[in-house]
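A.B. asks: Feature annotation from Swiss-Prot assigns topological domain 'Cytoplasmic' to 1-6, 116-126, 177-187, 240-303, 361-366, 414-433, 483-524; the stated evidence is a curator's inference. The transmembrane segment annotation in Swiss-Prot covers 7-26, 90-115, 127-145, 151-176, 188-211, 217-239, 304-327, 339-360, 367-389, 395-413, 434-458, 464-482 and rests on sequence analysis. Under the heading topological domain 'Extracellular', Swiss-Prot lists 27-89, 146-150, 212-216, 328-338, 390-394, 459-463. Sequence annotations record features per position, and here Swiss-Prot assigns N-linked glycosylation site to 62. The D-glucose binding site annotation in Swiss-Prot covers 193, 314, 315, 320, 349, 412, 420. The annotation phosphothreonine is assigned in Swiss-Prot to 523.
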């Protein structure tokens, strides 16, 4: 029996898979930098005069958005929307832009239910190939959006790309988790999130106006995700299928052994086969649980509600408001080069995501989540204070910028990765697929709400917007302190007992029997 090791085939397969995660991140971040360029093009398509500089500048400042990056001479002069164009046309532009951002999350929300199903039906490799069809269609629609009704093509392309990302957000972690050696499963699994934030960072860099984020090349920037989609599709033909899928789902032991020999670089795969045989026996003795049963069964109700709250905390903390509209926020904060500050956010996001890979296995999940949320609360307060006092104290722009950087850092320490870890640890094999699907749906739904509403909230609240998010973060921090148990190193039985304790009720005999049936002696 050989020790777990990293082989060339394993590295190739993992890097191929996380190209999908990279596309996911690229699609999240790509819409930010060319924001005003795209809005200007929308105005052109809808017949609003492009030389109406005052209205453009008023829109950029009053809605906290980036000033135009196009070749407009002179200094911006803020004026009222009402003086330059009708309320209806102004609302239409805002609605179309918000929809361009948020339709991505609608696609992800819908597709998040079907990633696991597609992977089980077609296999992990074929499922990722099929998903890439959606990625290519979405990218091509956006690539050619400059030639037609741009608002329709961009919104359609973003929606289809969202469908792709909803599928891939389940398929990639599933595949790399199943091919990874036990010793490296945690680190390899974390590469999914690392590839996402790397994709965000790359989209921010090449979205600079002197690269692709300008009036001539913005459509290429949006459609560039077609490149990793084509590359991944070609590379997938050389990747071995998941041995767990072959053995546990299809009962193809010979094919599973062949796949394992390639991945492990050894003819001795007894250890993996034994582990998979045990997993298959456990899975066959455990009934599957539907999404409805998660809420109707008393054994699952408290864990699933806490799981949903953790994902709501992640999204409603305001983090995606920063990711989607960071350039606008820095513009409002008085930063002279807001796009570069946005890239700084992406770089910090990447660095602290890598750091969290090590922290999450050393410290408790609940502790890191509380530290992250508490830090975000303080940063949100300083962010708003900086924005409110900016007119009187210009140096407050640096306070706001520093607060944003720290806000992102605290997010990646705890609320970013932790909910996904904890949801998997709340549930054993039977209810886990339904719980993860419900958690993914909740995450995408909240993502959509923030993407659609953040701009309207920012318009209404002005510089006080992050006071609102500070209040939300405080509520979720208190909820975590009183209701969320620590899961690191505990069995499902111990976690279930913690939930009963925090809900203030003793475990019923029926619930105890159910938890025993669900394999409550397993340690996470």
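For all residues, glycine too, the Cβ spot is worked out from N, Cα and C.
What you see is a predicted model, and the numbers here were worked out from it, not measured in a lab.
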A.B. asks: Thinking of Cβ pairs under 8 Å, which stretch from 90-115, 151-176, 339-360, 367-389, 395-413 has the most of them with the transmembrane segment (217-239)?
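C.D. replies: Most Cβ pairs under 8 Å with the transmembrane segment (217-239) come from 151-176.
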A.B. asks: Summarise the topological domain 'Cytoplasmic' (116-126) as counts of helix, strand and coil residues per DSSP.
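C.D. replies: Here the numbers are 10 helix, 0 strand, 1 coil.
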A.B. asks: Only counting partners 6 or more residues apart, tell me which same-chain residues put their Cβ under 8 Å from the Cβ of residue 315 (D-glucose binding site).
C.D. replies: 443, 446, 447, 449, 450
A.B. asks: Need a quick answer: max count of Cβ pairs under 8 Å to the transmembrane segment (434-458), which of 90-115, 127-145, 151-176 is it?
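C.D. replies: Looking at each of 90-115, 127-145, 151-176 in turn, the most contacts to the transmembrane segment (434-458) are made by 90-115.
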A.B. asks: Kindly say whether the transmembrane segment (188-211) and the transmembrane segment (7-26) touch, using the definition of 3 or more Cβ pairs under 8 Å where each pair is 6 or more positions apart.
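C.D. replies: Checked: the transmembrane segment (188-211) vs the transmembrane segment (7-26), in contact.
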A.B. asks: Just how spread out is the D-glucose site if you go by the largest Cα to Cα distance in Å among 193, 314, 315, 320, 349, 412, 420?
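C.D. replies: The D-glucose-binding residues span at most 17 Å between Cα atoms.
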A.B. asks: For the transmembrane segment (151-176), find every same-chain residue at least 6 residues outside the stretch whose CB is under 8 Å from a CB in it, and list them.
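C.D. replies: Sequence-remote neighbours of the transmembrane segment (151-176) are 13-14, 17-18, 20-21, 23-24, 27-28, 31, 38, 42, 45-46, 96, 99-101, 103-112, 114-116, 118-119, 124-125, 127-128, 131-132, 134-135, 137-142, 144-145, 188-189, 191-192, 222-223, 225, 242, 436-437, 440, 444.
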A.B. asks: For each of 193, 314, count the other CB atoms within 10 A of its CB; which of these binding-site residues has the top count?
C.D. replies: 314
A.B. asks: Ranking 7-26, 367-389, 395-413 by the number of C-beta pairs under 8 Å to the transmembrane segment (464-482), which range is first?
C.D. replies: 367-389
